[in-house]
Amino acid sequence: MKKNIIQQIDAIAIDQPQTVAYQLGTTQHTYADLKAASDRIAHFIQSQDLPAKAPVIIFGGQNFEMVATFLGAVKAGHSYIPVEQHSDPARIKQIESVATPAAVLSWASETAIDVNMPVFAETQLTDVIANGATDYDASQSVQGNENFYIIFTSGTTGLPKGVQISESNLQSFVDWANPAFNVADNSRVLIQAPYSFDLSVMDLFPGLCSGATLVVLEKAVTDNFKTLFEVLPTLKVNEWVSTPSFAEICLLSPTFDSEHFPELKQFVFCGEELTHQTATKLIERFGDAQIFNTYGPTEATVAMTSIEITAEVLATYDRLPIGYTKADTQTVVVDEQNNPVAVGQPGELLISGPSVSKGYLNNPEKTAAAFFEKDGQRFYHSGDLVTQNEDGLLFYKGRTDFQVKMHGYRIELEEIDHHLSQLAAVHQACTVPRYNKAHQVTQLIAYVVPADGQEAGNDLTKTLKAELAENTMDYMIPQRFVYQEKLPLSVNGKIDRKALIKEVNGNA
(Lines of atoms letter the chains of each structure in order from A and count residues from 1; the text may use other names and numbers.)
(Lines give C-alpha, C1' and ligand atoms only; values in the text may rest on other atoms or scores of the structure.)
Protein backbone atom coordinates (compact mmCIF):
# COMPACT_ATOMS: atom_id res chain seq x y z
CA MET A 1 0.00 0.00 0.00
CA LYS A 2 1.33 3.41 -0.95
CA LYS A 3 2.54 5.59 1.92
CA ASN A 4 0.93 8.99 2.43
CA ILE A 5 2.89 12.22 2.97
CA ILE A 6 3.41 11.76 6.71
CA GLN A 7 4.29 8.07 6.35
CA GLN A 8 6.88 8.88 3.67
CA ILE A 9 8.59 11.45 5.90
CA ASP A 10 8.49 9.17 8.95
CA ALA A 11 9.89 6.27 6.91
CA ILE A 12 12.97 8.36 6.11
CA ALA A 13 13.34 9.13 9.82
CA ILE A 14 13.34 5.39 10.53
CA ASP A 15 15.59 4.37 7.62
CA GLN A 16 17.99 7.34 7.69
CA PRO A 17 17.60 8.87 11.17
CA GLN A 18 20.84 10.88 11.08
CA THR A 19 20.22 12.49 7.68
CA VAL A 20 19.94 16.25 8.12
CA ALA A 21 16.39 17.39 7.41
CA TYR A 22 16.65 21.07 8.28
CA GLN A 23 19.48 23.57 8.44
CA LEU A 24 19.12 27.12 9.70
CA GLY A 25 22.41 28.95 10.11
CA THR A 26 24.79 26.62 11.92
CA THR A 27 21.95 24.64 13.53
CA GLN A 28 20.99 21.31 11.99
CA HIS A 29 18.13 18.94 12.78
CA THR A 30 17.92 15.35 11.57
CA TYR A 31 14.94 13.40 10.29
CA ALA A 32 14.93 11.60 13.66
CA ASP A 33 14.65 15.00 15.37
CA LEU A 34 11.79 15.94 13.06
CA LYS A 35 9.85 12.74 13.77
CA ALA A 36 10.32 12.99 17.52
CA ALA A 37 9.34 16.67 17.64
CA SER A 38 6.27 16.23 15.42
CA ASP A 39 5.17 13.12 17.37
CA ARG A 40 5.35 15.11 20.62
CA ILE A 41 3.39 18.00 19.14
CA ALA A 42 0.78 15.49 17.88
CA HIS A 43 0.46 13.96 21.36
CA PHE A 44 0.13 17.42 22.91
CA ILE A 45 -2.56 18.58 20.44
CA GLN A 46 -4.59 15.41 20.90
CA SER A 47 -4.42 15.88 24.68
CA GLN A 48 -6.07 19.32 24.42
CA ASP A 49 -9.48 17.94 23.41
CA LEU A 50 -9.85 20.35 20.50
CA PRO A 51 -12.82 20.07 18.12
CA ALA A 52 -12.18 17.17 15.73
CA LYS A 53 -10.62 18.10 12.38
CA ALA A 54 -10.79 21.84 13.13
CA PRO A 55 -7.86 23.79 11.66
CA VAL A 56 -5.18 25.30 13.87
CA ILE A 57 -3.17 28.46 13.24
CA ILE A 58 0.60 27.99 13.40
CA PHE A 59 2.29 31.35 13.89
CA GLY A 60 5.99 32.06 13.54
CA GLY A 61 8.99 32.32 11.27
CA GLN A 62 11.14 29.79 9.44
CA ASN A 63 12.54 27.85 12.38
CA PHE A 64 12.66 24.05 12.55
CA GLU A 65 9.94 23.99 15.20
CA MET A 66 7.43 25.53 12.78
CA VAL A 67 7.82 22.63 10.36
CA ALA A 68 7.67 20.08 13.20
CA THR A 69 4.43 21.73 14.34
CA PHE A 70 2.96 21.58 10.83
CA LEU A 71 3.58 17.84 10.76
CA GLY A 72 2.46 17.40 14.37
CA ALA A 73 -0.86 19.09 13.68
CA VAL A 74 -1.49 16.85 10.66
CA LYS A 75 -0.53 13.75 12.65
CA ALA A 76 -3.01 14.82 15.34
CA GLY A 77 -5.79 15.12 12.74
CA HIS A 78 -5.86 18.88 12.19
CA SER A 79 -5.08 20.94 9.11
CA TYR A 80 -2.79 23.88 9.71
CA ILE A 81 -2.99 27.53 8.72
CA PRO A 82 0.53 29.02 8.48
CA VAL A 83 0.72 32.68 9.50
CA GLU A 84 4.01 34.54 9.16
CA GLN A 85 5.30 36.18 12.35
CA HIS A 86 5.60 39.62 10.73
CA SER A 87 1.90 39.63 9.84
CA ASP A 88 -0.23 42.37 11.31
CA PRO A 89 -2.26 41.06 14.30
CA ALA A 90 -5.39 42.24 12.49
CA ARG A 91 -4.80 39.56 9.86
CA ILE A 92 -4.98 36.85 12.52
CA LYS A 93 -8.33 38.28 13.62
CA GLN A 94 -9.53 38.19 10.01
CA ILE A 95 -8.42 34.58 9.61
CA GLU A 96 -10.09 33.72 12.91
CA SER A 97 -13.39 35.17 11.71
CA VAL A 98 -13.27 33.12 8.49
CA ALA A 99 -11.76 29.83 9.65
CA THR A 100 -12.99 29.49 13.26
CA PRO A 101 -9.77 27.63 14.12
CA ALA A 102 -9.45 25.54 17.27
CA ALA A 103 -6.22 27.06 18.59
CA VAL A 104 -3.07 29.04 17.85
CA LEU A 105 0.34 27.43 18.28
CA SER A 106 2.76 30.35 18.43
CA TRP A 107 6.52 30.26 17.87
CA ALA A 108 6.78 34.07 18.05
CA SER A 109 6.90 34.91 21.74
CA GLU A 110 7.45 38.62 21.10
CA THR A 111 4.05 39.01 19.39
CA ALA A 112 0.91 39.26 21.50
CA ILE A 113 -2.04 37.47 19.92
CA ASP A 114 -5.56 38.63 20.78
CA VAL A 115 -7.98 35.88 19.77
CA ASN A 116 -10.98 34.06 21.20
CA MET A 117 -9.37 30.63 21.30
CA PRO A 118 -6.57 28.85 23.14
CA VAL A 119 -3.07 30.15 22.39
CA PHE A 120 -0.19 27.78 23.11
CA ALA A 121 2.92 29.89 23.54
CA GLU A 122 6.52 29.26 22.55
CA THR A 123 7.67 28.45 26.09
CA GLN A 124 5.03 25.75 26.46
CA LEU A 125 5.65 24.29 23.00
CA THR A 126 9.41 24.29 23.55
CA ASP A 127 8.89 22.16 26.65
CA VAL A 128 6.59 19.83 24.70
CA ILE A 129 9.23 19.23 22.02
CA ALA A 130 11.94 18.71 24.64
CA ASN A 131 10.08 16.55 27.13
CA GLY A 132 6.67 15.54 25.80
CA ALA A 133 5.35 12.05 25.17
CA THR A 134 5.67 10.72 21.62
CA ASP A 135 2.64 8.42 21.46
CA TYR A 136 -0.42 9.64 19.57
CA ASP A 137 -3.46 8.11 17.86
CA ALA A 138 -2.32 7.78 14.24
CA SER A 139 -5.80 6.68 13.17
CA GLN A 140 -6.86 10.31 13.59
CA SER A 141 -4.18 11.68 11.24
CA VAL A 142 -5.20 13.73 8.19
CA GLN A 143 -5.67 11.55 5.13
CA GLY A 144 -7.28 11.49 1.70
CA ASN A 145 -9.68 14.35 1.03
CA GLU A 146 -9.25 15.84 4.50
CA ASN A 147 -7.56 19.24 4.65
CA PHE A 148 -3.78 19.11 5.12
CA TYR A 149 -3.13 22.86 5.07
CA ILE A 150 -5.07 26.05 4.38
CA ILE A 151 -3.34 29.01 2.73
CA PHE A 152 -5.04 32.39 3.08
CA THR A 153 -4.89 34.71 0.08
CA SER A 154 -6.38 38.16 -0.33
CA GLY A 155 -10.10 38.49 -1.02
CA THR A 156 -12.22 41.12 -2.77
CA THR A 157 -14.39 41.90 0.29
CA GLY A 158 -11.51 42.77 2.57
CA LEU A 159 -11.57 39.32 4.17
CA PRO A 160 -8.94 36.80 3.07
CA LYS A 161 -9.92 33.54 1.36
CA GLY A 162 -8.74 30.23 2.81
CA VAL A 163 -7.67 27.81 0.06
CA GLN A 164 -8.17 24.24 1.31
CA ILE A 165 -5.50 21.76 0.22
CA SER A 166 -6.14 18.12 1.07
CA GLU A 167 -3.66 15.34 1.69
CA SER A 168 -4.58 13.90 -1.73
CA ASN A 169 -4.03 17.29 -3.41
CA LEU A 170 -0.57 17.53 -1.86
CA GLN A 171 0.28 13.93 -2.75
CA SER A 172 -0.53 14.62 -6.41
CA PHE A 173 1.83 17.60 -6.36
CA VAL A 174 4.70 15.76 -4.63
CA ASP A 175 4.37 12.71 -6.91
CA TRP A 176 4.85 15.03 -9.89
CA ALA A 177 7.43 17.45 -8.47
CA ASN A 178 10.05 15.02 -7.21
CA PRO A 179 10.84 13.33 -10.53
CA ALA A 180 10.14 16.51 -12.54
CA PHE A 181 12.72 18.54 -10.61
CA ASN A 182 15.13 15.74 -9.66
CA VAL A 183 14.65 16.10 -5.90
CA ALA A 184 16.62 13.33 -4.18
CA ASP A 185 18.12 12.36 -0.85
CA ASN A 186 21.37 14.16 -1.69
CA SER A 187 19.58 17.42 -2.58
CA ARG A 188 20.18 20.59 -0.59
CA VAL A 189 17.04 22.62 -1.26
CA LEU A 190 16.82 26.36 -0.66
CA ILE A 191 13.92 27.56 1.50
CA GLN A 192 13.44 31.30 1.15
CA ALA A 193 9.68 31.89 0.90
CA PRO A 194 7.71 32.45 4.12
CA TYR A 195 5.50 29.53 5.12
CA SER A 196 2.32 31.57 4.65
CA PHE A 197 3.18 31.73 0.92
CA ASP A 198 2.40 28.48 -0.91
CA LEU A 199 5.67 28.65 -2.86
CA SER A 200 7.23 27.30 0.36
CA VAL A 201 5.32 24.05 -0.20
CA MET A 202 7.45 23.52 -3.32
CA ASP A 203 10.48 23.25 -1.03
CA LEU A 204 9.02 21.60 2.03
CA PHE A 205 7.18 18.49 0.97
CA PRO A 206 9.03 17.35 -2.14
CA GLY A 207 12.21 17.82 -0.11
CA LEU A 208 11.05 16.03 3.04
CA CYS A 209 9.39 13.18 1.12
CA SER A 210 12.67 12.47 -0.71
CA GLY A 211 15.05 12.72 2.25
CA ALA A 212 16.63 16.00 1.10
CA THR A 213 18.11 18.66 3.36
CA LEU A 214 16.10 21.88 3.56
CA VAL A 215 18.43 24.89 3.83
CA VAL A 216 16.76 28.02 5.18
CA LEU A 217 17.48 31.60 4.16
CA GLU A 218 15.72 33.77 6.73
CA LYS A 219 13.84 37.00 6.05
CA ALA A 220 16.33 38.91 8.22
CA VAL A 221 19.05 37.83 5.79
CA THR A 222 17.15 38.42 2.55
CA ASP A 223 16.16 41.92 3.71
CA ASN A 224 19.82 42.98 3.92
CA PHE A 225 21.69 42.89 0.61
CA LYS A 226 25.15 42.85 2.21
CA THR A 227 24.25 40.06 4.64
CA LEU A 228 22.51 38.13 1.87
CA PHE A 229 25.71 37.82 -0.15
CA GLU A 230 27.75 36.94 2.87
CA VAL A 231 25.39 34.09 3.76
CA LEU A 232 24.27 32.73 0.36
CA PRO A 233 27.58 31.12 -0.70
CA THR A 234 27.86 29.34 2.66
CA LEU A 235 24.59 27.46 2.15
CA LYS A 236 25.96 25.15 -0.57
CA VAL A 237 22.47 24.57 -2.02
CA ASN A 238 22.16 22.60 -5.25
CA GLU A 239 18.44 23.26 -5.81
CA TRP A 240 17.17 26.83 -5.85
CA VAL A 241 13.44 27.46 -5.40
CA SER A 242 12.14 31.04 -5.41
CA THR A 243 10.15 33.64 -7.24
CA PRO A 244 11.93 35.19 -10.24
CA SER A 245 11.99 38.49 -8.32
CA PHE A 246 14.29 37.07 -5.65
CA ALA A 247 16.67 35.72 -8.30
CA GLU A 248 16.66 39.16 -9.94
CA ILE A 249 17.81 40.68 -6.63
CA CYS A 250 20.61 38.12 -6.43
CA LEU A 251 21.65 38.81 -10.02
CA LEU A 252 22.47 42.37 -8.97
CA SER A 253 25.64 40.91 -7.49
CA PRO A 254 28.34 40.00 -10.05
CA THR A 255 29.36 37.12 -7.76
CA PHE A 256 26.05 35.32 -8.26
CA ASP A 257 27.47 32.85 -10.77
CA SER A 258 28.70 29.28 -11.11
CA GLU A 259 32.23 30.24 -10.09
CA HIS A 260 31.05 31.37 -6.66
CA PHE A 261 28.17 28.85 -6.42
CA PRO A 262 29.62 25.67 -7.98
CA GLU A 263 27.10 23.38 -6.24
CA LEU A 264 24.06 25.19 -7.65
CA LYS A 265 22.79 23.02 -10.49
CA GLN A 266 19.06 23.68 -10.65
CA PHE A 267 16.63 26.61 -10.47
CA VAL A 268 12.88 26.17 -10.07
CA PHE A 269 10.75 29.28 -10.40
CA CYS A 270 7.13 29.81 -9.49
CA GLY A 271 4.85 32.51 -8.13
CA GLU A 272 5.14 35.04 -10.95
CA GLU A 273 6.26 35.40 -14.56
CA LEU A 274 9.86 34.49 -15.39
CA THR A 275 11.09 37.09 -17.85
CA HIS A 276 13.27 36.45 -20.87
CA GLN A 277 15.84 38.88 -19.49
CA THR A 278 16.17 37.08 -16.14
CA ALA A 279 16.40 33.62 -17.72
CA THR A 280 19.05 34.87 -20.16
CA LYS A 281 21.19 36.21 -17.32
CA LEU A 282 20.89 32.95 -15.40
CA ILE A 283 21.98 30.88 -18.39
CA GLU A 284 24.92 33.23 -18.92
CA ARG A 285 25.94 32.98 -15.26
CA PHE A 286 25.10 29.30 -14.63
CA GLY A 287 25.74 27.60 -17.96
CA ASP A 288 25.49 24.02 -16.65
CA ALA A 289 22.43 24.54 -14.45
CA GLN A 290 18.88 23.52 -15.33
CA ILE A 291 16.24 26.25 -15.17
CA PHE A 292 12.58 25.29 -14.76
CA ASN A 293 9.70 27.69 -15.21
CA THR A 294 6.50 26.54 -13.51
CA TYR A 295 2.98 27.84 -13.11
CA GLY A 296 0.04 27.14 -10.87
CA PRO A 297 -2.51 28.92 -8.69
CA THR A 298 -2.70 28.17 -4.96
CA GLU A 299 -6.05 26.50 -5.71
CA ALA A 300 -4.27 23.83 -7.80
CA THR A 301 -1.59 23.09 -5.16
CA VAL A 302 1.46 25.23 -5.89
CA ALA A 303 2.18 24.35 -9.54
CA MET A 304 0.86 22.11 -12.29
CA THR A 305 2.86 23.07 -15.39
CA SER A 306 6.58 23.18 -16.06
CA ILE A 307 9.17 23.56 -18.79
CA GLU A 308 12.95 23.59 -18.77
CA ILE A 309 14.19 26.93 -20.08
CA THR A 310 17.09 26.26 -22.43
CA ALA A 311 19.01 28.41 -24.89
CA GLU A 312 16.75 26.98 -27.59
CA VAL A 313 13.60 28.04 -25.72
CA LEU A 314 15.05 31.53 -25.25
CA ALA A 315 15.84 31.77 -28.95
CA THR A 316 12.35 30.58 -29.93
CA TYR A 317 10.10 32.69 -27.70
CA ASP A 318 10.13 36.38 -26.77
CA ARG A 319 7.80 35.76 -23.82
CA LEU A 320 8.62 32.52 -22.06
CA PRO A 321 6.11 29.66 -21.93
CA ILE A 322 4.81 28.52 -18.55
CA GLY A 323 5.08 24.88 -19.52
CA TYR A 324 3.24 21.65 -20.15
CA THR A 325 0.46 20.43 -17.86
CA LYS A 326 1.37 17.60 -15.49
CA ALA A 327 0.12 14.17 -16.53
CA ASP A 328 -2.71 13.72 -14.01
CA THR A 329 -4.21 17.16 -14.71
CA GLN A 330 -6.40 18.48 -17.51
CA THR A 331 -6.34 22.08 -18.71
CA VAL A 332 -8.77 23.73 -21.11
CA VAL A 333 -8.54 27.23 -22.61
CA VAL A 334 -12.03 28.75 -22.91
CA ASP A 335 -13.87 31.91 -23.91
CA GLU A 336 -16.26 33.85 -21.66
CA GLN A 337 -18.98 31.24 -22.26
CA ASN A 338 -16.64 28.41 -21.15
CA ASN A 339 -16.37 27.11 -24.72
CA PRO A 340 -12.92 25.88 -25.83
CA VAL A 341 -11.06 28.34 -28.05
CA ALA A 342 -9.02 27.49 -31.12
CA VAL A 343 -5.34 26.62 -30.79
CA GLY A 344 -3.28 29.78 -30.35
CA GLN A 345 -6.25 31.93 -29.34
CA PRO A 346 -6.28 33.60 -25.90
CA GLY A 347 -8.74 32.46 -23.27
CA GLU A 348 -9.12 31.68 -19.60
CA LEU A 349 -7.31 28.60 -18.28
CA LEU A 350 -9.55 26.04 -16.59
CA ILE A 351 -7.85 23.39 -14.45
CA SER A 352 -9.12 19.95 -13.42
CA GLY A 353 -7.38 17.11 -11.63
CA PRO A 354 -6.41 15.58 -8.28
CA SER A 355 -4.43 18.63 -7.15
CA VAL A 356 -7.39 21.02 -7.51
CA SER A 357 -8.72 22.32 -4.18
CA LYS A 358 -12.21 21.56 -2.88
CA GLY A 359 -12.71 25.32 -2.51
CA TYR A 360 -12.49 28.17 -0.03
CA LEU A 361 -12.98 27.43 3.66
CA ASN A 362 -16.42 28.46 4.93
CA ASN A 363 -17.04 30.53 1.81
CA PRO A 364 -19.60 28.75 -0.40
CA GLU A 365 -20.30 31.88 -2.46
CA LYS A 366 -16.67 32.36 -3.54
CA THR A 367 -16.27 28.61 -4.00
CA ALA A 368 -19.29 28.42 -6.30
CA ALA A 369 -17.94 31.34 -8.34
CA ALA A 370 -14.48 29.81 -8.85
CA PHE A 371 -15.14 26.05 -9.02
CA PHE A 372 -17.67 24.12 -11.09
CA GLU A 373 -18.58 20.61 -12.23
CA LYS A 374 -18.73 19.64 -15.89
CA ASP A 375 -19.28 16.11 -17.18
CA GLY A 376 -18.39 14.70 -13.77
CA GLN A 377 -15.14 16.68 -13.53
CA ARG A 378 -14.36 19.48 -11.11
CA PHE A 379 -12.79 22.55 -12.72
CA TYR A 380 -11.21 25.69 -11.30
CA HIS A 381 -11.50 29.09 -13.00
CA SER A 382 -7.89 30.29 -12.82
CA GLY A 383 -8.69 33.82 -13.95
CA ASP A 384 -5.49 33.65 -16.01
CA LEU A 385 -5.45 34.44 -19.72
CA VAL A 386 -3.31 31.99 -21.68
CA THR A 387 -2.74 30.63 -25.14
CA GLN A 388 -1.82 27.05 -26.01
CA ASN A 389 0.05 25.82 -29.07
CA GLU A 390 -0.41 22.59 -31.03
CA ASP A 391 1.96 20.73 -28.71
CA GLY A 392 0.04 21.70 -25.58
CA LEU A 393 2.59 24.30 -24.47
CA LEU A 394 0.96 27.09 -22.44
CA PHE A 395 1.79 30.81 -22.53
CA TYR A 396 0.67 33.29 -19.88
CA LYS A 397 -0.96 36.47 -21.21
CA GLY A 398 -2.29 38.21 -18.09
CA ARG A 399 -5.28 38.25 -15.74
CA THR A 400 -8.95 38.16 -16.65
CA ASP A 401 -9.78 40.20 -13.57
CA PHE A 402 -7.99 42.77 -11.47
CA GLN A 403 -5.88 40.41 -9.43
CA VAL A 404 -2.14 40.96 -9.85
CA LYS A 405 1.12 39.50 -8.66
CA MET A 406 3.95 41.65 -7.37
CA HIS A 407 7.18 40.13 -6.03
CA GLY A 408 5.42 36.77 -5.99
CA TYR A 409 2.51 37.88 -3.80
CA ARG A 410 -0.98 37.61 -5.15
CA ILE A 411 -2.88 40.83 -4.56
CA GLU A 412 -6.56 41.63 -5.11
CA LEU A 413 -6.67 45.27 -6.13
CA GLU A 414 -10.24 45.47 -4.89
CA GLU A 415 -9.12 44.43 -1.40
CA ILE A 416 -6.78 47.44 -1.26
CA ASP A 417 -9.66 49.62 -2.47
CA HIS A 418 -11.84 48.18 0.27
CA HIS A 419 -9.35 49.04 3.00
CA LEU A 420 -8.75 52.52 1.57
CA SER A 421 -12.47 53.20 1.43
CA GLN A 422 -12.73 52.40 5.15
CA LEU A 423 -10.41 55.30 6.02
CA ALA A 424 -11.99 58.55 7.19
CA ALA A 425 -9.81 60.68 4.92
CA VAL A 426 -10.86 58.82 1.75
CA HIS A 427 -14.01 59.44 -0.25
CA GLN A 428 -13.23 57.11 -3.15
CA ALA A 429 -10.25 55.00 -4.19
CA CYS A 430 -9.08 52.77 -7.00
CA THR A 431 -5.75 50.93 -7.08
CA VAL A 432 -4.00 50.08 -10.33
CA PRO A 433 -0.73 48.35 -11.27
CA ARG A 434 2.18 49.81 -13.18
CA TYR A 435 3.89 47.30 -15.50
CA ASN A 436 7.41 47.29 -16.87
CA LYS A 437 8.38 46.20 -20.39
CA ALA A 438 8.72 42.61 -19.18
CA HIS A 439 5.02 42.60 -18.12
CA GLN A 440 5.87 42.56 -14.41
CA VAL A 441 4.01 44.64 -11.84
CA THR A 442 6.55 47.09 -10.41
CA GLN A 443 4.31 49.48 -8.50
CA LEU A 444 0.82 49.85 -7.06
CA ILE A 445 -0.72 53.28 -7.56
CA ALA A 446 -3.76 54.39 -5.58
CA TYR A 447 -6.04 56.97 -7.19
CA VAL A 448 -7.82 58.70 -4.32
CA VAL A 449 -10.60 61.25 -4.04
CA PRO A 450 -10.02 62.77 -0.58
CA ALA A 451 -12.92 63.23 1.81
CA ASP A 452 -14.27 66.75 2.31
CA GLY A 453 -11.86 68.94 4.22
CA GLN A 454 -8.83 66.76 3.49
CA GLU A 455 -5.88 68.44 1.80
CA ALA A 456 -4.12 66.32 -0.82
CA GLY A 457 -0.36 66.04 -0.43
CA ASN A 458 2.51 64.25 1.27
CA ASP A 459 1.01 64.53 4.76
CA LEU A 460 -2.17 62.80 3.62
CA THR A 461 -0.14 60.09 1.88
CA LYS A 462 1.82 59.40 5.07
CA THR A 463 -1.43 59.19 7.05
CA LEU A 464 -3.08 56.81 4.59
CA LYS A 465 -0.03 54.52 4.45
CA ALA A 466 0.16 54.39 8.25
CA GLU A 467 -3.54 53.58 8.59
CA LEU A 468 -3.40 50.95 5.85
CA ALA A 469 -0.48 49.28 7.65
CA GLU A 470 -2.81 48.55 10.57
CA ASN A 471 -5.06 46.26 8.50
CA THR A 472 -3.14 45.08 5.44
CA MET A 473 0.10 43.34 4.61
CA ASP A 474 3.01 45.65 3.76
CA TYR A 475 3.19 44.37 0.18
CA MET A 476 -0.40 45.55 -0.38
CA ILE A 477 0.25 49.20 0.50
CA PRO A 478 0.44 51.34 -2.67
CA GLN A 479 3.82 52.90 -3.34
CA ARG A 480 2.29 56.02 -4.89
CA PHE A 481 -0.88 58.02 -4.29
CA VAL A 482 -2.51 60.23 -6.94
CA TYR A 483 -5.21 62.63 -5.73
CA GLN A 484 -8.10 63.61 -7.98
CA GLU A 485 -11.41 65.44 -7.65
CA LYS A 486 -13.25 62.53 -9.26
CA LEU A 487 -12.53 59.11 -10.75
CA PRO A 488 -13.58 58.03 -14.26
CA LEU A 489 -16.73 55.93 -14.49
CA SER A 490 -17.60 53.17 -16.95
CA VAL A 491 -20.87 53.06 -18.85
CA ASN A 492 -22.49 51.03 -16.07
CA GLY A 493 -21.56 53.60 -13.45
CA LYS A 494 -18.64 51.77 -11.88
CA ILE A 495 -15.17 53.19 -11.37
CA ASP A 496 -13.36 52.59 -14.67
CA ARG A 497 -10.23 50.82 -13.48
CA LYS A 498 -9.23 49.93 -17.03
CA ALA A 499 -9.12 53.61 -17.95
CA LEU A 500 -6.81 54.31 -15.02
CA ILE A 501 -4.59 51.37 -15.95
CA LYS A 502 -4.27 52.84 -19.45
CA GLU A 503 -3.46 56.24 -17.96
CA VAL A 504 -0.64 54.73 -15.90
CA ASN A 505 0.75 52.40 -18.55
CA GLY A 506 -0.24 53.99 -21.85
CA ASN A 507 -2.36 52.07 -24.32
CA ALA A 508 0.10 49.19 -24.72
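Residue numbering: from 1, along the chain as shown.
Even glycines carry a Cβ here, placed using N, Cα and C.
What TrEMBL annotates here:
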type	residues	note
DOMAIN	15-361	domain 'AMP-dependent synthetase/ligase'
BINDING	Thr153, Ser154, Asn293, Thr294, Tyr295, Gly296, Pro297, Thr298, Asp384, Tyr396, Lys397, Gly398, Arg399, Lys494	ATP binding site
BINDING	Asp198, Val302, Lys494	D-alanine binding site
DOMAIN	415-494	domain 'AMP-binding enzyme C-terminal'
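Annotated features, which come from TrEMBL, shown on the structure.
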{"residue": "Thr153", "record": "ATP binding site", "DSSP (3 states)": "strand"}
{"residue": "Asp198", "record": "D-alanine binding site", "DSSP (3 states)": "coil"}
{"residue": "Asn293", "record": "ATP binding site", "DSSP (3 states)": "strand"}
{"residue": "Val302", "record": "D-alanine binding site", "DSSP (3 states)": "coil"}
{"residue": "Asp384", "record": "ATP binding site", "DSSP (3 states)": "strand"}
{"residue": "Lys397", "record": "ATP binding site", "DSSP (3 states)": "strand"}
Along the domain 'AMP-dependent synthetase/ligase' (15-361), what average pLDDT does this model show?
95
Could you tell me the C-alpha distance between Asp198 (D-alanine binding site) and Tyr295 (ATP binding site) in angstrom, no decimals?
12
Are there any residues at least 6 positions away along the chain from Pro297 (ATP binding site) with a Cβ closer than 8 Å to its Cβ? List them or say none.
Ile351, Tyr380, Ser382, Gly383, Asp384
How big is the Cα-to-Cα gap, in Å, between Lys397 (ATP binding site) and Val302 (D-alanine binding site)?
19
Please report how many Å separate the Cα atom of Val302 (D-alanine binding site) from that of Tyr295 (ATP binding site), as a whole number.
8
Which one is it: of the binding-site residues Thr153, Asn293, which Cβ has the fewest other Cβ atoms within 10 Å in this structure?
Thr153
Note down the number of other Cβ atoms within 10 Å of the Cβ of Asp198 (D-alanine binding site), including every protein chain shown.
24
Check each residue in the chain of Tyr295 (ATP binding site) that is at least six apart in sequence and keep those whose C-beta is under 8 Å from its C-beta; list them in sequence order.
Cys270, Ala303, Met304, Thr305, Ser306, Ile322, Gly323, Leu394, Tyr396
Is it possible to get the count of other C-beta atoms within 10 angstroms of the C-beta of Lys397 (ATP binding site)?
15
Count up the helix, strand and coil residues in the domain 'AMP-binding enzyme C-terminal' (415-494) according to DSSP, in that order.
21 helix, 25 strand, 34 coil
Judged by other C-beta atoms within 10 Å of its C-beta, the most isolated of the binding-site residues Val302, Asp384 is Asp384
